[in-house]
Amino acid sequence: MNDYAGQHEVISENMTSLITGELTRYVQELKQERKSHFHDGRKAQQHIETCWKQLEASKRRFERDCKEADRAQQYFEKMDADINVTKADVEKARQQAQLRHQMAEDSKAEYSSTLQKFNSEQHDHYYTHIPNIFQKIQEMEERRIVRIGESMKTFAEVDRQVIPIIGKCLDEITKAAESIDHKNDSQLVIEAFKSGFEPPGDIDFEDFTQPMKRTVSESSLSNSRGDGKSEPKFGGKSKGKLWPFIKKNKLSLKLGAGPEDFSNLPPEQRRKKLQQKVDELNKDIQKEMDQRDALTKMKDVYIKNPQMGDAASVDHRLAELGQNIEKLRLEVQKFEGWLAEVEGRLPLRGEQARRQSGLYEAQSTAAVNSCAQDRESPDGSYTEEQSQETEMKVPATDFDDEFDDEEPLPTIGTCKALYTFEGQNEGTISVAEGEMLYVIEEDKGDGWTRIRRNEDEEGYVPTSYVEVYLDKNAKDS
C-alpha cells in the first residue's frame with residue numbers, strides 16, 4: 001500500500017514539475033504577448049481615428065472657405081452694380097472676393113490631399129494592420145492549444161511510466177490479501193495475551209471417615225478451598241464475565257510492539273518470555289564462539305603452513321566475532337537482570353503466602369491469606385497462582401453466592417500494596433508501596449485485581465503487586 005501511494009506521489013511530483021510549473025511560466029509569457037498585441041491594436045485604432053478627425057477638420061475648413069468665397073463674390077457684385085459706390089470700394093471688394101476664392105481653392109486642395117491620405121490609411125488599417133494583429137493573436141492561441149495538448153501527452157506519459165509499478169503493487173496487495181491466515185493471526189493474539197498459567201489440577205478426594213490419619217500439616221483444607229475456588233472460577237463465573245480479559249487487552253501494548261523487558265505481560269508469562277530470550281541469546285553466543293574457535297584453529301594452521309593461506313586475513317573476522325560475543329553477553333546480562341527481578345519477587349512472596357496459609361489453617365479461622373501462592377501443576381512444574389486470595393470458607397453456599405453475583409461492585413475486602421505501581425494505561429490505577437486500599441473484585445485468572453481508593457478512584461492493579469485480605473462478611477452480604 002505504501003508503494004502504491006508512493007507511485008501516485010511520483011505522478012503528483014512529475015505533474016507539478018513538468019506540467020504545472022511549465023504551464024505557469026508559459027501562461028505568463030502568453031499574457032505579455034497578448035498584452036502587446038492588444039496595445040498594437042489600440043495604437044492602430046487611435047491612428048485611424050486621428051486621421052478621421054484630420055479629414056473632418058479639413059472638410060469643415062474647405063466648406064467654410066467656400067461659403068466665405070461665395071459671400072465675398074456676392075458682395076463684390078453688389079458693390080459693382082451700385083453707382084453710388086466709389087471705384088476704390090469696388091476694387092477692394094473685388095480683391096477680397098479673389099482672396100476668398102484662393103483660400104477656398106487651397107482648402108479644396110488640402111481636403112483632397114487629406115481625403116486621399118485617410119482612404120489610404122483606412123485601407124491599410126482594415127486590410128493590413130488589424131488583420132496582422134488578429135493573425136498574431138490567432139497564432140498565439142493556436143500555440144497555446146498545442147502546448148495544452150503537449151501537456152496532456154506529458155501527463156499520459158507520466159502516468160504510463162508508473163502503471164507497471166502500480167500494477168505490481170496491486171498484484172502484491174492482492175497476493176497479501178489472499179495470504180491472510182486468520183487462524184495464525186488469532187494464534188498470535190492468543191500468544192500475546194495469554195496469562196501463562198497452567199489450569200488447576202483435579203482435586204483429590206479427602207476421606208473424612210479416617211480423621212485419625214489427618215494432621216494439620218497434611219490437611220488440605222486451605223489448599224483444597226483454594227483449588228475448589230479456582231476451578232469454579234474458571235468454569236463458572238468467568239464464562240459469563242469475560243470483560244476483565246477485554247480490559248486486559250486494552251491495557252496491553254500493541255501486538256508486536258511490546259517493551260523489550262516484556263513488562264506488559266503477566267508475571268508468569270513474562271518470566272517464561274525472559275527465560276526464552278536468555279536461552280536464545282546463549283545459543284547465539286555459543287554459535288559465535290564456535291565460529292571463533294574454528295577461525296582460531298584455521299589461523300594456527302595458516303601460521304604453521306603459510307602456503308595454505310594468510311593468517312592476517314582472518315583477524316578482521318575474529319575481531320568482529322569478539323565484538324558480537326561481547327554485545328550478546330551484555331544482552332544476556334540485561335535480560336538475566338530482569339529475569340532475576342521477576343524470579344526474586346515472586347518466590348519470596350510465595351513463601352510468605354505459604355507461611356500465612358499454614359498459620360491460618362492451624363488456627364482454623366475464616367481469615368484469608370493473599371499474596372502470590374506457589375502451587376504445583378498436574379505435571380509437577382512450578383506455576384504461580386495469581387488469584388491473590390484463598391478464602392477459608394467452609395460452607396459451599398459462599399461459593400454459590402459469589403458466582404451468582406455477576407459484578408460485585410461493593411467492597412469485598414482490603415489489600416496492601418507491596419510494590420509501587422504506575423498505572424499509566426487505561427483502566428489501571430496507581431498505588432504506592434504500603435498503601436491500604438479496598439478490593440471490589442478478585443483476580444479472575446488474568447493477573448489483575450480491581451481495587452478502589454475512594455468513590456471516584458478505582459481501577460486494576462497487577463495481582464502480584466498487592467496482598468489481599470478478603471472480608472467474609474462483605475462477601476456474604
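Placed from the backbone N, Cα and C atoms, the Cβ positions cover glycine too.
Annotated by TrEMBL as coiled coil, the relevant range among 76-107, 172-203 is 76-107. Which of 33-68, 357-392, 393-428 counts as region 'Disordered' depends on TrEMBL, and there it is 357-392. Beyond its flanks by at least six residues, the coiled coil (76-107) meets 58, 61-62, 64-66, 68-69 of its own chain at Cβ-Cβ distances under 8 Å.
Across the domain 'REM-1' (264-341), the DSSP tally of helix, strand and coil residues reads 72 helix, 0 strand, 6 coil.
DSSP states for the domain 'SH3' (410-471), grouped as helix (H, G, I), strand (E, B) and coil, give 3 helix, 29 strand, 30 coil.
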